[in-house]
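Visitor: Mind looking over this structure? Questions follow.
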Amino acid sequence: MDLLGDQHFAAQQPPLFDATPSSLKEDAEELIAETIAAWDSIVSQIQTENATFQNTISPIIQDENVKSQKQRVLTFYSSTSPSKDLRDASTAVGRLFNDAEIELYSRQDMFERVDQVLQQQDKQVVASLDEESLYYIQKLHRRFHQNGCGIAEEGQRVTFKTKMKRLGHLVQQCNKNLNEDKSGVWLGLDELDGIPQSLISRLKQGDGENSDHLWLPTKVPFSSPAITNAKSEATRKRIYCAIQNRMEMNVPLFREIVLLRDETARLLGYADHATLKTADKMMQTPQAVEALLSEIRTAVAPLAAQDVEELLEIKRNEAESRGTTADELYFWDLAYYSARRGEAEKKISSSISEYFELNTTLAKLLSIIEHLFGTRFRRVNAAGRDEAAGSLIWHKDVQMYSVWNVDGPKEFLGLFLASSALVMNYVRPTDTRPTLLSLDEVRKLFHEIGHLLHSQWTQTKYAALHHVDRDFVEAPSMMLEQFFWVEQHIKDVSFHYSHIDSKMKDMWKATLVDQDDTNPPEKPAQLSDDVVFNLARANQSKAIQGQLKEVFFATYDMLVHKPASRAALEALNLTELFNKTRSDVYKVRGGEALGGGWEWGHGQTVFRNILNRYDAGYYSYLLGRVFAMDIFDTGFKEKTPSREAGRRYRDMVYRVGGRQAEMKTMTDYLGHEPSTHPYLAWLQVFACVVPRDMVPNTAQIGSITTETIVGLLSPVRMAVWGLLPIKWRMTRELSACKQRCLQEDGHLVALEVRLVHSRHTLAAAVGEQRVAAPGSTAYDAALRSYFSVQQAAMQPACVVLPQSDEDVSAAVRCLAQLHQGGGESCRFAVRSGGHTSWAGASNIQHGAVIDLGRSAPSSSRRTSRRSRSGWGPRGAMWVGGLTLGGGLSYTSPRYGWTCDAVSQFQIVLADGSVVAADSKERPSLFRALKGGSNNFGIVTRITFETFRQGPVWSGTVYSLSSTAEAAIDNFVAFNSATSYDEYASVMTSFVYNQARGLPVVANLLQYTKEVTGTPAAFEGFMAVPNIYSSTSVASTLATTQATAALNSGGVRSLTYAVTLVSTKEVIQAAYEKWSTSYPAIKDVRNIIFSLVLEPLPPAIYQRHATTNTLGLADRAGALVVAELSVSWADAGDDALVSSTARALVDDIVAAAKSLGGFDPYIFANYANKDQAQDVIRSYGAESVSFLMQVRHEVDPKGIFTHLVPGGYKIPEH
C-alpha cells in the first residue's frame, strides 16, 4: 500500500502511534538502559587521558541520534492522546526520562572524559575538529556542568541531583494539571448578549440548578470570543476572573519550582537562575535582557497609554448611551473595546473569520510555502489514512502530509504531521458550522507551521544540534507570521467558505438573519482591497497590546528568576508580583481596583511558557520579533517574494539549525548586524526612533558642541542595536546647524534641530527614498511645480513623496505621534495638484508636505461607467482639492458639482487607517467630503461616475470694455433659471492686462452637445462685436488643454470668491466696482486683474443639494459665483495688490447687500484664506453642525484641524 499517495517512497518508515500504557513504560526503560549501557561501555574501555572525539564523543552522538525521535514520540502522548491512561503513562515516562538525564549528565566519570576531549581541542594537541563538531562538544560540556558536574563537593552534587529530579517532577505535575483542566463558568441566558451565536450553540446546557445556564470553558477557543464580544461588563469580569483563577493547585507548585531553580543555580555557582539560563544563549547575560525589555517598554509605552485612553473614551461613550458612566478601563475590557474600535473593524470583525475556513486556509498557507521554499505537500490519501488510523496517526482528526523537495532531486523531507506535529487548539467543525479562524489565528497557524519547517529542513550531523537556542527559536516562525501583516498575502489566503462547495454555502445561508431570503446576495469570494488594507493597518493597537503582553510576561519571568537575593525571593509574594507587574506594564487595573487586593487572581499558575523551557527565556518572543522583522525587511518585503528569496532563507537559516552560533546565522543571512529599526517601524513607534527629549531647546543651543550632539543621539537611546546610519546622518546635519548657530548668533537653530529630527523620523516611517530633504533634486522640483510663487516660496522641512496608500498611512501616523511632543515641526500640508494660490494652502513653512501629485505613475483607470483618479502626475489626474471644495466644470449644468459625480472616496484617516466612503459604507463621511475640504484625512483615490462625451464646441471671444453692458445682459439672460440650457457653459470675465494696457471682456463658451454652427444659447454673445474669437469644435481633451493654457502658473497670484444673485443690477454694480478699482494697480508689473462671473443655476446647485455639504438646498433662482483673480510679478507689490483686491471684494459685497443680491455661500475653489472668506461657515449652521459631528467621529483629536493649517477649517464650536 502506498500510504504517501506518491510514486516516491521515504527511506524509512514514519513513527507509529500504536502504544499502550505498558508498552510506553517498557520502551522508555529500554531506551534508558541502552544509553546507560553505551556510556558504561565508554567509561570501562576508555581511560580519561585517552579520551578522543572518536572513542568517547561519537558513541554518545550515535546513541542520541537513535534515541531522540523515539523519546519524543513516547512523551508526545501526554498532551495529545484522547486516552487518559495513555496520557498518564506518557507523563510517567517523562519523569523517567527526566530522572535518567539528571543521572546521566551528572556522571562525573563521563564528564571528565568529555572535558579531556575539549581541552585537547583548546590546547590544539590533536587535529582540529570541524566547526560543527567543536560546537557540539562545547554544548555537551556546558550541559554536564549545568547538571552539577561543576560542583566540587560530593554531598552538594547529590543534593543538587535530588533537587533537579524534584524540579522535573513539579514541572510535569503542573503541566498535567493544565492538560487536564476542565474549568469554566456558568452563564445565564441574560449574560450572553453580544456573544456570537456560533459559540453559544457549542456550549453545554446545564441541568438542575443550572438548567437555565450554559457552561463556558476557560480554554481559549471558548473564552476569547466570549470576552471579546460580551456586552455586559459583569459577564466579561466573571469570565476574566475565572481564567485568572484556574489551577489553584499550581500556586504552591509554582512557588516551589521558582525556589528550586534559584537554589540549584546557586549550587552551580551562578548568582541566580536567570544568570545560569542566559549564559549559553544569544543575550548571554540578564543585564542584556533587562536592557532589551526596558528599550521596548519605553518605546511602546506612550502609544500604549494613548491606546488605553482611546479605549476608555469608547467605554465612556458606550456608557453614556446607556445612561450610565464609566471612569476606568479594566483588563476584562481590553479585548471588548479593542474590537469596538473604528468603523472599519466594527464592520468586518463579525464576518472576517468567514474568509478563513481552517482546511481551505491551511491548503493556501501550504501553497505559499511550496512557492517560496521549493517544496511540495501531498495529503496522504483517504484510504491510506483510514487503514493507518491506528498506527500512523494518534487521532482520527489528524491530517497527514508527505513533504518533498521540488527544486533538485525528488528528496523526501519526512512526514509533516508524523515526524513533526502541529497541535493547535481549535473548536471542532459541526454539521452546521465549519471551523473558522480569525486573522490572528491565521497568523498563529503560519507561525506554528514555521516551527515545523524548521524541524523539517534543518540538516545537521548531530541530533542534539537540530534545535536552536531558546532565544532564537521564535524568530524564523515570527518572520512567517509577518506575511499576514501585509495586505496582499491576507487577500491571497482569504476565501469565503460559502464558495468552497454547496454544503458550505448552505451552512452559510443558515447563519443569515433573514432566513426567508431564499436567494441572498453572495459574499465576495475574497476580501476586498480596502478591507485587507485596513485589516493590516487596523491591527496596530493589537500589535502594541501584543508587545505589551510579551514585555509583561518577560519582565515577570526575569523578576522571579533574578531576585536581589535568596532572602528576597523567599519573601516574595509571586501572585502579588504577577498582578502588580501586569498593572504597571499595561497601565490598566484588574480586581485590585474593586477591592480584591493584589491576590485577586493567580495568573502565573497557567503561565505555560515559564514552566516549559522558557524559564528566564520568555524574552525570546520579543527578541524573536526584533529578528523576525529584520529578516522580513531584508528578504521578503516585496509583495510577491521570489522562490530565490525563499530558498536563500531556507538554506541560510532553516537548514543551519543549531550547528553554529545563532548570531552568526543572523548576520550571515542579513549581511549586517541585527537592527531594531524594522521592528519599531512595524509598530509605527516612529517618534521613538529619535525620542523628542533628545532634541535641545533654544537655551541649550548656545553651548552645543558636536560631542553634545553625539551624546544626545547615543546608541543606548537609539535601541538595542541602534539606528546608527540615521544617527550619523543626523549628527552631520546637526553639526551643520551648530555652524550656522555660530554664524547667526543662534537665531532659530533650535527650530532647525527639531526639523532635522522630524525629517529623519519621517524617513524611518516611510523610507528614506520617499522623503525629500532641502537641497535635493526632488525637493526643489516639488517647490518649482506649485502654481503660485507664494506657495513655492515656502520652505518645508521635507517633502514626503508617497508611493502607496500605505506610505500615506505611515506618514500620517508618524506626524500624529510627533505631535504628542508638540512643536511647529509636527505640522504638515497635503498637496494634490497644488493649484490653490494662497501661501500655505498646500505648502508649509518648517513642516512636512505630503505630496500626492508627484508620487507615482498614474493608477487612474476606467471600469464600466466609473473612473478612478488616484496616484498620478499633477495636472493629469490629481483633482483632490477641486473635488473636496465642490468643483465646477462645463458639464456641471447636466451633472452638478464635481463632488456630486463621486461614487466613492478612499481616504487615510487621522489614525492611519485607509477606508472607503460611499453611499452605503460610511455615508456620513462620504457626504462630508463633498465640500468639507481636508478636515477628515487625506483622500488618495476618487472614483467618479462617468458618461460618454463627444466633441465639444468651445472657444473664447474677446471684446472691448465698451461692450461690458451687453455682456452683462447676455450673461443674465443665459443664467435664467427658467430657460437654462444644460449643455451650455459660460464664464464671462472683465480683465485688465498690463501687457495690453486696456480692459477687455472675455467670454469662455463651451457646448457639450453636438451642433451645427453656433449653439442657440450663445447667439447673444456671438452677436456682440469682438476683437478675437477662438471658437471651434474639438475633442474633450483638446478643449481641456486649451482652457488650461489660459491659466499658466509660476506667478504671484490670489483669488477671492463672492456669490451674487443673478440680476443685471447686482452684476452691473460689481462690474462698476471693478472698473474703478483696477486703475490703482494698473502700473504693477505684469498685473492681470480679472473679475470672473460663473453661472450657478439651480441645475447645478439643486441637483444633489441634499447629498453634499455646500448648504444650498434652501436656495431658489439663479446665482453667480464671482471670482476676483489677480496675478503679478514682484513681491514688492504684494501689499498694494492685496489691499486693492480686498477692498474691491468688500465693496462688491456691500453693493450686493444694498441691492438685496448677496448670497453668503463662498465657493471654496476660488476663496482666499482670509478672515472674511470663512468658507465652511458660509455653508450654514446645519452643514457646519453636520461637519463637526463627522470630524469628531473620524478625527476626534483634530489632527487634520490643528496640524494641517491649509484648506478651510471646520469651526471648533
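Glycine residues also receive a Cβ, built from the backbone N, Cα and C atoms like all the rest.
Per Swiss-Prot, Zn(2+) binding site is recorded for H447, H451, H454. The feature active site is assigned by Swiss-Prot to E448, with similarity to another entry given as support.
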Visitor: Output the one of H451, H454 that, of all these binding-site residues, has the highest number of other Cβ atoms within 10 Å of its Cβ.
Guide: H454
Visitor: Whole-number Å only: compute the distance from the Cα of H454 (Zn(2+) binding site) to the Cα of the residue listed as 'active site'.
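Guide: Answer for this pair: 10 Å between alpha carbons.
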Visitor: Tell me the Cβ contacts of E448 (active site) under 8 Å, same chain only and six or more apart in sequence, or just say none.
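Guide: Set apart from E448 (active site) by at least 6 residues yet with Cβ under 8 Å, we have L422, M424, S477.
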Visitor: With a radius of 8 angstroms around the mean position of the C-beta atoms of H447, H451, H454, what other residues of the same chain does the Zn(2+) site pick up?
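Guide: Not counting the recorded site residues, we get E448, I449, G450, L452, L453, S455, V473, E474, P476, S477, L480.
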Visitor: Please work out the number of neighbouring Cβ atoms within 10 Å of the Cβ of H447 (Zn(2+) binding site), leaving out its own Cβ.
Guide: 20
